[in-house]
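Per TrEMBL, these features apply:
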DOMAIN    2-140  domain 'Neurotransmitter-gated ion-channel ligand-binding'
TRANSMEM  141-164  transmembrane segment
DOMAIN    147-356  domain 'Neurotransmitter-gated ion-channel transmembrane'
TRANSMEM  176-194  transmembrane segment
TRANSMEM  206-229  transmembrane segment
TRANSMEM  333-358  transmembrane segment
Amino acid sequence: VEIPSSDIWVPDIVLYNNADGTYEVNTITKAHVFWNGTIKWDPPVIYKSYCAIDIQYYPFDIQNCSMKFGTWSHDGNLVDLSHKSGQIFVAVGVDLTDYYPSIEWDILSADAVRHVLIYDCCQDDPYFDVTFTLRIRRKPLFYMVNLVVPCVNIAFLTILVFYLPSDSGEKLTLSISIFVALQVFYLLLVDLIPPTSFTLSLLGTYLLFTLVLVNASIFITIITLNIHWRHPNTHYMPDWVKRWFFEIIPPFILMSKPHIATAMSQLKDDKTDEELPLSNTNDSLHRLNRFLKNKSIEKYPPTIQQAIRDIRYISETQREAQRDDIEREGWRYIALVIDRCCLIVFIFLTTIGSYMTLFTAPHIFSKEIPIERLYSRHYNTHSS
């Protein structure tokens, strides 16, 4: 017999961890009453339950969400609440036959447990509840394509900052562009993940790690550009700098000893009036200048004396220009050595940091089969 549910007594079974304020079923539908007094009532209802989200391994996270059902005002002596199977624990306690698979989550398990609570005030009045625990895994494909892969690409783009020549004038532009792209991804990530202050998500940690690398690359780029464009008139190159950047460091980073190291050592000897071989200057002019330095010009006629002074001035001017060029080449080589060192260090940090950050999620390679594949009759239809 089918009768309206409003005409019979209905137990006040509610969802304890309800999230929308409606604790009980208010929809009035017909109930099936059998000859032996059994009543079957299947009202349509949508429950919204609160679930504490742990985003530590987002987007490779697995969440455990529980739904606790029990009577609100009747103890166990009046209402004996249990799972329809009659067991205390049911491995698959939810009927998934008509379940439509979610596009975002996989259900790994859905067990049901019957609990008995006895309060100190009422030792003879047990209270029963049935708790359904859903273990769900996020499908990471969307986040891999739209968040993880672009973030990894941006992280490895930071390496190219140190491969780009300083003469191109685009090193700092590239660094700042990467920094702006990361800020955009931060704004996108904030809109996608649940807000929480308990833990930092895996993807957020990786973005923060990449942001530190980008900030470091901007700082180092400014330093290398400053070194690259230094002039001998404003900066003096100490001997220890020459030793470290011309002799000690280059072999370890697969760079050959620069030819300017020999030229700079000759520059130092040139202060003692030794001849410096100049590629862009006539050798005979230098030999003449060297000869004239050791000779007195007073015995020559005034016209010859003026010519000798002009020749000496031209020679010294070209010598100073050559010295400045070699000094500038030395600073540029030092900037190149710093770029090569940072290139190697950033390749190592980006590779190791990406692996240790993204692959620390315990379920990233999980092969556990979702139970809706086994129990839902809509799974194949939904997948196709």
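Think of each number as a place in line: the chain as shown, counted from 1.
Glycine is treated like the rest: Cβ placed from N, Cα and C.
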Residue numbers, six or more beyond the limits of the transmembrane segment (176-194), whose CB comes under 8 Å of its CB atoms: 53, 55, 58, 143, 147, 150-151, 154, 157-158, 161, 201, 203-204, 207, 210-211, 214-215, 217-218
Confidence over the domain 'Neurotransmitter-gated ion-channel ligand-binding' (2-140), expressed as mean pLDDT on the 0 to 100 scale, is 87
For the transmembrane segment (206-229), give me same-chain residues lying six or more residues beyond its boundaries with a C-beta closer than 8 angstroms to one of its C-beta atoms, as numbers and ranges. 151, 154-155, 158, 161-162, 166-167, 171-172, 175-176, 178-179, 182, 185-186, 189, 200, 331-332, 334-335, 338-339, 342, 346, 349-350, 353-354, 357-358
